[in-house]
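Notes for the one structure printed next.
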Amino acid sequence: MKGHGSVSAWCVDHPVATLLLTFALVLLGLIAFPRLPVAPLPEAEFPTIQVTAQLPGASPDTMASSVATPLEVQFSAIPGMTQMTSSSALGSSLLTLQFTLDKSIDTAAQEVQAAINTAAGKLPSDMPNLPTWRKVNPADSPVLILSISSDNMPGTELSDYVETLLARQISQIDGVGQISITGQQRPAIRVQASPDKLAAIGLTLADIRLVLQQSSLNLAKGALYGRDSVSTLSTNDQLFHPEEYGDLIVSYRDGAPVQLRDVARVINGSENAYVQAWSGDTPGVNLVIFRQPGANIVDTVERILAEVPRLQAMLPASVEVSSLSDRTKTIRASLHEVEITLLIAVLLVVAVMALFLRQWSATLIVSSVLGVSLVSSFALMYVMGFSLNNLTLVAIVIAVGFVVDDAIVVVENIHRHLEAGLDKREAAIKGAGEIGFTVVSISFSLVAAFIPLLFMGGVVGRLFKEFALTATSTILISVVVSLTLAPMLAGQFMRAPTHHPHDKPGFGERLLASYARNLRRALAHPRTMLAIFTVTLGLAVAGYVLIPKGFFPVQDTGFILGTSEAAADVSYPDMVAKHQALAEIIKADPAVENFSHSVGVTGSNQTIANGRFWIALKDRGDRDVSASQFIDRIRAKLAQVPGIVLYLRAGQDINLSSGPSRSQYQYVLKSNDGATLNTWTQRLTEKLRANPAFRDLSNDLQLGGSITHISIDRQAAARFGLTATDVDQALYDAFGQRQVNEFQTETNQYQVVLELDSQQRGKAESLNYFYLRSPLSGEMVPLSALAKVDPPSVGPLSISHDGMFPAANLSFNLAPGVALGDAVIMLDQAKNEIGMPSTIIGNFQGAAQAFQSSLASQPWLILAALVAVYIILGVLYESFVHPLTIISTLPSAGLGALILLWLLGQDFSIMALIGLVLLIGIVKKNGILMIDFALEAQRVRGLTPADAIYEACITRFRPIIMTTLAALLGAVPLMLGAGAGAELRQPLGIAVVGGLLVSQALTLFTTPVIYLYLEKLFHRPKPALGLATTH
């Protein structure tokens, strides 16, 4: 890239062609920009499938042993599965299957369905339906939550509108993926039998069940094929209304028909009578909407909201549809903040160039290179399938400093030749040609620092792949533009600077004079400088070991998720009352925009003792607290409601939990002995609650559930020809909300539910009032003659498995200022202090598990970046030694990053780690600029190493300062940002700013000394091909 045969020379001599090619690049970027999807973070699909199995009325033990376990046995044989968990509660089991990241979710779904089919023969025969599955992505969050409410419409009717109209219409909108309904009360016909009336006429619940099963059918009937026409047969074989069911004849007594209404109350109700949701104070349901993978979130939500008025018009006037949580608000705000940050970074960088070059033509040339490089990068992002998100835009912001590096180095060298008296064309060709290798060295070694990010594993690796490739593509574009457009513009517009004898030295000249004096002192005391370097290296290593480690900063997305927990034996009416008391406190908080909550078995909530809250906060500028501060503020007020605890956590863009969680972090204990597991889980929970570092600590055992145990006298039953199965079936008919039939309409299917009347089904005494029929004699046998009710006992409300072993899940938040790494250590210490046996295995889940994996790989990632940079530099310089001189600039950068993170109270998080990797690429630029010049001066002009490195430092001082300030000021807006999404960007900005401040202060003096020492220790290598020509 030197001299008159280079690309730069061609561009200088062909300005029109260069401008047209540049215009083509910019045009491609402008075309691609509006087509880029918008998202909070890069696509990070986590192949996960959730399987739901229902057997209404079945106890947690029955669900775990007869439903979950047969399914787990079959699922365990699926290849590529990394984790299998299950939670079984009254009437339902929820199994979550996670697969390796390279597993096709479609293939996994097929294998899951095959496993369900295989297990079907071992599942209870009275399950109303086979287990169902759905694809989920734990790393994804809902893009929109709609709250549908009505002041006067029954919940069943409202739920029917939501399911049959809203959900189905919205699911057809482009970009919409999964939709779930929480708080849904699906319509059903409930038959509430009176045991007294049945006994009086000698009927049993089994008789009623048989009549209901045969009363409403929808079967094929054929057609009449006549000579002239064909007529389809139709009958009134289905029943749709309670009155029709009430007319059913269940028996005859004394020649008179006994209708169903004579022995039972038939009403319109819901499939599950114990579920309710509210939108604020008004009863309603929530429609939780996810996007399809790769869909533009903003466009998808806009299409949904544009459709809502049309759908609203199709609903009754009393139904109100409102947005509870619109993810695009915070995405737009966050991206807007990044755009402002980008603009500020560009302006600061341009100001630095104007300050040092003191020539507007040079400043505009560098600014043009910056603009072309940034806009053109959008085209490559589009080709690679990336989105506009917080990480890719941060990559572009941080790339501002890198992009101008290349242009500054080129333009500054041309500027220097103009000062030496060359005309603008010759100065442009010579300046660009002799600096070309340096520009390539800087950029390629910078790209090398990003290479390890591309090989990071897990979801974290997927997130940062887009970050790394966006930054590297922008840098590579800038190399091309800096060596083509910049010299062409310089050859056209730059002028030799004019100096007057009475001009005062500029800021740059004064700074250079001061540096020259201090550099001579440093070179005169080499041992002192080496000692400083050694101390810096030691402090950097010690700082990395000692600084608190974290995962990702807790974001303020303006959305709070809550899980409530009451006593395990709480009644449904009491749970409703307690939830409404919590709702009043939340409603009164000035930071809350709106909220919704639900109780009962709905969505992922499996027990009456638990409920859910969804809280949308006001825009960040309209409230005085962050999401975390809101949780801290309201926690004490919520604790005043007796008999219930509400666990809150801030919703995150990066969500790695495979299922619902009460708090940010999860820890799982498992053992083959459930009783031992329960004992030690409680001990560990109490131990950690005494530690102020842990907030909102809880476990999911819920062992205090009330159990009414019925002992069957098998010998007595056998005398009447009855079995335990007959008793179980009778109990299920009475108390299980048993779905005994269904009927179909044009739009949906609805269940017929059999149960005892409401006055009897909540009492153990009811067992004395209903009968079974003896198949031997036909006589009515009271259940009390076959079984007795034991004294009340307690048991679990839900049973969890992890990998087919009994498991218990601990959830916790962290107190302000406590790093996740410290919490991991404290948790392990607590286990040791209580003497937990080795038979109980513990491991983190979700974000904490990903943190542990990333923590183990951090040193290797840093080492890999160093090795990659060393290899690239070694190849470019054909030397084993000089790359060491260049890399010697890094310890001071690492120390500076760690010091500023510590001073500002930040953890060493993944974002800070990325900042450190960026520093590896940025800081070694100083060394390259010095060493490249010194090697050339020694080779061509025969200077001694001491003279060569001194002249290199003085000559390259201005571009070193300019490029460092450009990178530093490009990161300052990230560090100081306070808008939406700032929590994610700040650690990266802090690390870069701190690293550059300290490294700039030290490496300008330590690098020349290390260069001289290495020159003395090793024979000088052969010069690299393509090094610069004589200066």
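Keep in mind that glycine also has a Cβ here, set from the backbone N, Cα and C atoms.
Per TrEMBL, the feature transmembrane segment maps to 12-33 (among others). Within the same chain, residues 371-372, 375-379, 381-383, 425, 428-429, 432, 477, 481, 484-485, 487-488, 490-492 sit at least 6 positions outside the transmembrane segment (12-33) and bring their C-beta atoms closer than 8 Å to a C-beta of that stretch.
According to TrEMBL, the feature transmembrane segment maps to 340-357 (among others).
What TrEMBL records for 364-385 (among others) is transmembrane segment.
Counting residues 6+ beyond its ends, the transmembrane segment (391-414) has Cβ neighbours under 8 Å at 41-42, 335, 338-339, 341-342, 345-346, 349, 353, 357, 362, 365-366, 369-370, 373-374, 377, 381, 427-428, 431-432, 434-435, 438-439, 442-443, 446, 463-464, 466-468, 470-471, 474-475, 478-479, 481-483, 486-487, 490, 494, 918, 921-922, 925, 929, 958-959, 962-963, 966-971, 973-974, 984-985, 988, 992 in the same chain. If you look up TrEMBL, you'll see 391-414 (among others) marked as transmembrane segment.
The transmembrane segment annotation in TrEMBL covers 435-455 (among others).
Annotation comment: TrEMBL describes 467-490 (among others) as transmembrane segment. Here the transmembrane segment (467-490) has Cβ contacts under 8 Å with residues 1, 7-9, 11-12, 14-15, 18-19, 21-22, 25, 42, 362, 364-366, 368-370, 372-374, 376-377, 380-381, 384, 386, 391-392, 394-396, 398-399, 402-403, 405-407, 409-411, 414, 424, 427-429, 431-432, 436, 439-440, 443, 446-447, 450-451, 453-454, 914 of the same chain, all six or more residues outside its ends.
What TrEMBL lists as transmembrane segment is 529-547 (among others).
According to TrEMBL, the feature transmembrane segment maps to 860-877 (among others).
Residues annotated as transmembrane segment in TrEMBL: 884-904 (among others).
Residues or ranges marked as transmembrane segment in TrEMBL: 910-931 (among others).
For 960-982 (among others), the entry in TrEMBL reads transmembrane segment. Using a Cβ-Cβ cut-off under 8 Å and counting only residues 6 or more beyond its ends in the same chain, the transmembrane segment (960-982) has close neighbours at 40, 330, 333-338, 340-342, 344-345, 348-349, 351-353, 356-357, 390, 394, 397-398, 400-402, 404-405, 408-409, 412, 508, 511, 555-556, 558, 620, 922, 925-926, 929-930, 988-990, 992-993, 996-997, 1000, 1004.
Listed as Cβ neighbours of the transmembrane segment (988-1014) (distance under 8 Å, sequence separation of 6 or more from its ends, same chain) are residues 394, 398, 515, 518-519, 522-523, 526, 529-530, 532-533, 536, 881-882, 884-886, 888-890, 892-901, 904, 906, 911-912, 914-916, 918-919, 922-923, 926-927, 930-931, 934, 945-946, 949-950, 952-953, 957, 960-961, 964, 967-968, 971-977. Annotated transmembrane segment per TrEMBL: 988-1014 (among others), in sequence order.
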Checking distant contacts: for the transmembrane segment (529-547), what same-chain residues at least six beyond its ends satisfy Cβ-Cβ under 8 A? 522, 888, 891-892, 894-895, 898-899, 901-902, 907-908, 1002, 1005-1006, 1009-1010, 1013
Might you confirm whether the transmembrane segment (910-931) is in contact with the transmembrane segment (435-455), defined here as three or more C-beta pairs under 8 A between residues 6 or more apart in sequence? yes
Have the transmembrane segment (364-385) and the transmembrane segment (340-357) got at least three CB pairs under 8 Å, pairs 6 or more apart in sequence? yes
